[in-house]
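The block underneath contains the structure these notes are about, expressed in structure tokens.
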Amino acid sequence: MAYGQTGTGKTYTVGRLGNDDPSEGGIMVRALEHILSVMSLETDSVAISFLQLYLESVQDLLAPEKTNIPIVEDPKTGEVSLPGAAKVEIRDLQHVFQLLQIGEMNRHAANTKMNTESSRSHAILIRSSRIEDGSNTSLPNGTDNLFPDNLPLVLKSKLLIVDLAGSERIDKSGSEGHMIEEAKFINLSLTSLGKCINALAENSPHIPTRDSKLTRILRDSFGGTARTSLIVTIGPSSRHFSETSSTIMFGQRAMKIVNTIRIKEEVDYESLYKKVEHEVDHLTSEMERQQKLKNSEKMQLEKKLKESEASLNDLKVTSNMQIENMAMEKRQLESTIKRLMLDLEKEKGKNNILSEQIIHLETSLDENKQKQLENISNTNILADTTKSHEKKIRELLKQLEDERSRSASMNDHLNVLQQQLSDAQNYFQENIACELEKQLSRTTEEFASQISSLEERIADLISEKELVYEELKSTQEKMQQEMRHRQGLEDEILRLKQSLADNCSEESKALCGMVRSGSGLGSVPFMSKSGKSRELLSSQRSNISKIFEEVGLPNVLALLKSDELEVQIHAVKVVANLAAEDVNQEKIVEEGGLDALLSLLETSENTTIHRVTAGAIANLAMNGSNQGLIMNKGGARLLANIASKTDDPQTLRMVAGALANLCGNEKLHVMLKQDGGIKALLGMFRTGHNEVIAQIARGMANFAKCESRVISQGHRKGRSLLIEEGVLNWMVANSSAFSASTRRHIELAFCHLAQNEDNARDIILTGGIKELLRISRESSRDDTRNLAKKALNSNPAFFKEIQ
């Protein structure tokens, strides 16, 4: 920063370009040349902004159409920035020369007695850089497990080179006309800079950085986190001894200031988030694909298992049937063998009998032989008998041989049957094995065919995955387009904010001009200024209408749900201004604007949101068709809740205005009381703020007037709901304590309450007769006086009390 008297060489030291001779280049050129020599175009980016502070207005020297650029302060970090200024990325030194020449051409300068090219504005060159760093050495301890080793870091830096306009005395510089105004603003900003330097040098608890835009921009440069160098320039002439002394003292005070240098290194969470999000999406899709593949394989295996179980059950049933058949055949064979054995036993019995007979015959033969020996005489007879017996014996022996052969044949037949039985068992087992082998081969072939079908299915899934990837890519492009569209809407809102801020600043300047020049000028300047204010208001509304037509109501309402508080606030302001016009109210309600406002009123904790949202609802509540919707959606309850939680007069004024509009609908009075709206309206008396009380009085007048009309038509009887809430004592005590408009509303409400005969006793007990008499004589409105006289004359209780 270069500081000193005009004409002492500040611009020569800081801003000289040195096109012909590089050794003649100033600090701006030398600094940017050094930065370009050490930077890497692949990983680093450098951009510059060239501004001037002229007549307390920040102007862009690279884009002259940008004037009165706002100064924005980050509420979290306190960092000061100029978002409206043009930022130009520089590529080489020749590009820098071109930009600085453009800036110098657009800078204000003039010819004075002390300098032929005196700078009439403060020039500020802002250079910002961004350096990518892949290391994570600056991360806090304990976070190594949370972030990868190649975590992207960003090292940001900002260099301000300031060529201050020189302080000057008008008698020495010879400034005239508009140059006097320029000198005034230059000296004013330099004075503010000097105050800040003094406060920092003396360790004062308050640094008046907000006294000037110059000190706001340079807040980080002194007493902040930047490394600051100060160039003090002085003139050798003894004629300027006082200016030289003041400049040197300024430098001595500045040397006492200690800045805390801090490197601004931060994690590039945006790129990290995109990378992690891409990885998560990829892993999620891969997991889903694997899960689907596993599920399909599981289903196929379960299907095969069920088919195998069914085949096994069939085989078991078939085997059981074959086993049962074989068992039946076995039983039949066993019964046949038993029958043959019985026949064999019978044959054996017969053989035994024959043997016994043979033995008996042999014994008989022996006896016969003995008898032959004894009876030789009977030899012939015995011979014949013996022959006959021998013949019988031969027959019996032949019969015995036959029986033996039959028994042997039966044994052979039995062996054959047993062999057949064993052969049948072996054959059945071989058949079962063959059947099982055939079934196994068929199952194997089916399994192979299923595997081939699964492979075909996997190929189909891969093709489907590619299609889904294409659809995902198109969806991401659509989302990016939506994000760009949303960013455009937010930029429009910020532009609207700037327009509103400019209008408000111009209006405040106009009002300041009125106050300073008000003595002795009459009312003509006031009328012209008022006309200008109305023109500013109409132009503001036309700007809002234009933005509304370009952006569209649905997009404006969508910004009410934005995560950024500033965007929400400005979106609500736009909706509130739109709601002030009757033609827009129906569209706002149809597009869900009322629901969005009530939701914002319920969920937000910000006082500004509460104030502006209540104002928007108040505008909508001016329409009778919207009043019922507001009540049915719990609007009165939400307004009452806000009134109980805040003490901000402006917020309470908006809430009271909304409730006052709702009081003008007699159909909603009972619901308004049940939701606590009347109690909340009367409870806001505690603030004592005139504008809040004016809205409360208007609401009471609306309520009492509608209630009086309903009672006079016979639709309702009984005491007033306002009297039940205890408002009568306050009205009697304070009806003449406020402004004329507030007093008229209170008097009107009191007179309407007096029209109801059921309220007469309460009015008499609170001393309201005297107030009615006063209103009938002193009220500034004829209709109010007539209402008071009508109440006094028509009510016998009042007439008796007067007598």
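All positions are counted from 1 along the displayed chain.
Cβ from N, Cα, C; glycine included.
Automatic, uncurated: that is what TrEMBL annotation is.
Residue ranges 444-499, 500-555 are listed, and TrEMBL annotates 444-499 among them as coiled coil.
Fewest other C-beta atoms within 10 Å: among the binding-site residues Gly4, Gly7, Gly9, that description fits Gly9. Within the same chain, residues 553, 557, 560-561, 565, 568-569, 572-573, 575-576, 579-580, 582, 585, 641-642, 646, 648, 650-651, 654-655, 657-658, 661-662, 664-665, 667-668, 671-672, 675 sit at least 6 positions outside the repeat 'ARM' (592-635) and bring their C-beta atoms closer than 8 Å to a C-beta of that stretch.
Mean pLDDT of the predicted structure over the coiled coil (444-499): 67. Listed in sequence order, the residues of the same chain lying 6 or more apart from Lys10 (ATP binding site) and placing their CB within less than 8 Å of its CB are Ala2, Tyr3, Gly4, Ser119, Asp163, Leu164, Gly166, Ile231, Thr233. Of all Cβ atoms in the protein chains displayed, 24 besides its own lie within 10 Å of the Cβ of Gln5 (ATP binding site). Counting residues per DSSP class in helix, strand and coil order gives 35 helix, 0 strand, 9 coil for the repeat 'ARM' (592-635).
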